[in-house]
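Copied from TrEMBL, the annotated features are:
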DOMAIN    B:4-160  domain 'Aspartate/ornithine carbamoyltransferase carbamoyl-P binding'
BINDING   B:47, B:48, B:49, B:50, B:75, B:110, B:147, B:148, B:149, B:150, B:273, B:274, B:301  carbamoyl phosphate binding site
BINDING   B:142, B:176, B:237, B:277  N(2)-succinyl-L-ornithine binding site
DOMAIN    B:198-309  domain 'Aspartate/ornithine carbamoyltransferase Asp/Orn-binding'
């Protein structure tokens, strides 16, 4: 593994998953890997799970870590190549990333989409620059289009809780009050469409189709109720439209996941990456039910990160 | 010890005090306790002493630590149960706390009072929710009504400096320009009213009576000069009124602790939890005198925290 | 070494440089020095290199570290002696620094000049107070007039890349859109005017003369082209006027370092402390050329800090 930015970087996902389960069973057993290593974490926007799980993962591995809130803690960054920097930006990302690489052995970076410029976002222009300028391995802590550490944690969660050989996993769109990125659903599709023991279904209102390069021909079912039938896992998430880029096309409360929805499943487990707006995306009753895996998923963020750090630092 | 939120949680305070003095004498002697442990620290408002002493305490114990500035670093939290989260809040505290518990072995949390809603503050509504949702032990880094780590550090300070078997300790109100919480005086009374080698006196203008559940029948003396007579320790602090909740009833500069006040004591030591507004609460001359214990108190914050971490992690 | 605030504190600079090169060659070889030690870092303004290189230096040395963003993370500090603190400030720097000293074994502090009050800035009023109130050794992470860790890193960089016994090093002023401190050029002159294998030249437009106490009689050449002739190292930096204190006297783009300028040198290396405004201070072509040392300089910030920590903690 050279960098970790998508499912493709995971290489043999079965081997990586096995390693994650091994690390989770023995979290402090690999500290020779992290000894004298420093993990750098750069955030261009707020974070709770990613920030804290990455720190915990580094510590479990015997490594040190630092966090930089780009902007608040440091300088305003220029991202345009060739810019004459006589305006508000104080440092070019080229220099900032090269320099930060000097202070760590692996660099985790969170960027975010504009949700306005589809070409820029789906070209991963900013993230790819960071990968290019870095002189150490880069881990995506979420980019404009993907969130692979989340999807890997989700895979760990499903793998360790499933009761059957094959399971039906449903990614469902759910309503929200703000226009959100497509990173989590893109990434979930990028991973789960590849898992050979998963029957993967995506359900959403028309107009919410994700980029086919991530859904890879997965079954799309516009009837949410039909999609839920017999499901073992319901993965809820809002996203804004990819087609009408960044737009909110529906706020239909019928798509909010409720106990009535869950009753259609085969005693299905409920998943969400968090943060979640309660009683907008999903009801309290579902979130607080014994079938809710939301806290376990969040806990597995430590182990997806720790496994990736292990691979990049070993 | 299950959590540490008040004097009652301390259990046998004499044993805890003895442990603190032992740890202070040998601060790096307990690192097996902290090995592979992570201390999480969440601040809902600014902090200097608590933040840094908690980090130092964790490091002394061989543990790692992370700090989260709620709001600035992460998402805006919802605290109302059952809320339909279609407004400004992005994550429910129930989920945030459960998730943060996944990334640490003990959770320190600082909240603050509204100073407007007495029932909410004195019910410790927010803090109690945090304790309820946490799945690891919780340490109060100051709540709406108490600041037990401060009081424990104050107890260490008095214990290690006292020259007599029994000492007279006076908690005195002092003026200030802003309405401040009652946490520190409440907590000081909660602890010092219980110490069997302390004669505890509280002095303040009328209307500044603290909640009797914390003063526990301690002697209240409205004449500040009389209270100071023969005192071994003067503990100064401003607070807003508990009776006329959150109000400033007096700014009388005669209550500012000066050398003339200290002259009434039995060569008394001066204490304050800091931050202190110089020449408003107490004069420079008193703060900078050899009898001032303010820096020592702050230093002992490391050892009160380290002792509590030791108890919760052992 | 008692504190590290200027070239004078370095003592025998040749021995310190030799130690730095030894530490760089074996960065994890001195962890007994840092064991159970905590490095405190206080920033009164933003930082990237200093913050991260200081953390890396502490970690390399086996020490722990904490960072405090003064203001954002803690309280508003009062700096005036004898102030009646009934206004906006919440804690006196005297108390804050004494207290922070309790939570670390060495304290790194970054302050900044007003660029308005020359006497206050060049008297290092704030920084000197911090040194006075601290009870642990203090490291300047940049003060109102100097940035010694940067200059020490620059010295390491020149020492490890020079191809000749003696080298010509040119500090050149360059244009900028904002009024900047004189810290970096002052400090560079403070160090490089003393190195016995360096021919040191300073070039800038008239009116940009630095304080003679730092330039120590170094050759000043107002003709930039002439200064560059035969140079082995070009160190570019903008600064505002010391004479017309804090003013911008020139924005002449002819002073921007370009390939044409570098062609005058003896295959000279280009240096800048960063952050740099590209195509304002220096062109992309120079910054991105093989002769650019900017990333190496930044990397050496770890080793200048680590060496200073080693000296202060040993």
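Cβ from N, Cα, C; glycine included.
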Could you check which of the binding-site residues B:47, B:147, B:149, B:301 is the closest Cα neighbour of residue B:237 (N(2)-succinyl-L-ornithine binding site)?
B:147
Sites among the binding-site residues B:47, B:49, B:75, B:147, B:273, B:277 close to chain C [C-beta, under 8 Å]:
B:47, B:49, B:277
Given the binding-site residues B:142, B:176, B:277, state which is nearest to residue B:75 (carbamoyl phosphate binding site) when distance is taken between Cα atoms.
B:142
Distance from residue B:142 (N(2)-succinyl-L-ornithine binding site) back to residue B:273 (carbamoyl phosphate binding site), taken between C-alpha atoms, in Å:
12
Rounded to a whole number, how many Å is the Cα of residue B:176 (N(2)-succinyl-L-ornithine binding site) away from the Cα of residue B:47 (carbamoyl phosphate binding site)?
19
If you average pLDDT over the domain 'Aspartate/ornithine carbamoyltransferase Asp/Orn-binding' (B:198-309), what do you get?
98
What does DSSP give as the helix, strand and coil breakdown of the domain 'Aspartate/ornithine carbamoyltransferase Asp/Orn-binding' (B:198-309)?
36 helix, 21 strand, 55 coil
Going along the chain, which residues six or more apart from residue B:147 (carbamoyl phosphate binding site) have their CB under 8 A from its CB?
B:140, B:183, B:184, B:186, B:187, B:273
Inter-residue Cα distance where the pair is residue B:277 (N(2)-succinyl-L-ornithine binding site) and residue B:47 (carbamoyl phosphate binding site), in Å:
16
Intrachain C-beta neighbours of residue B:49 (carbamoyl phosphate binding site), sequence separation six or more, cut-off 8 angstroms:
B:274, B:298, B:301
Please identify, from the binding-site residues B:277, B:301, the residue with the sparsest Cβ neighbourhood, meaning fewest other Cβ atoms within 10 angstroms.
B:277
Given binding-site residues B:47, B:75, B:142, B:149, B:176, which are under 8 Å from chain A when comparing Cβ atoms?
B:75
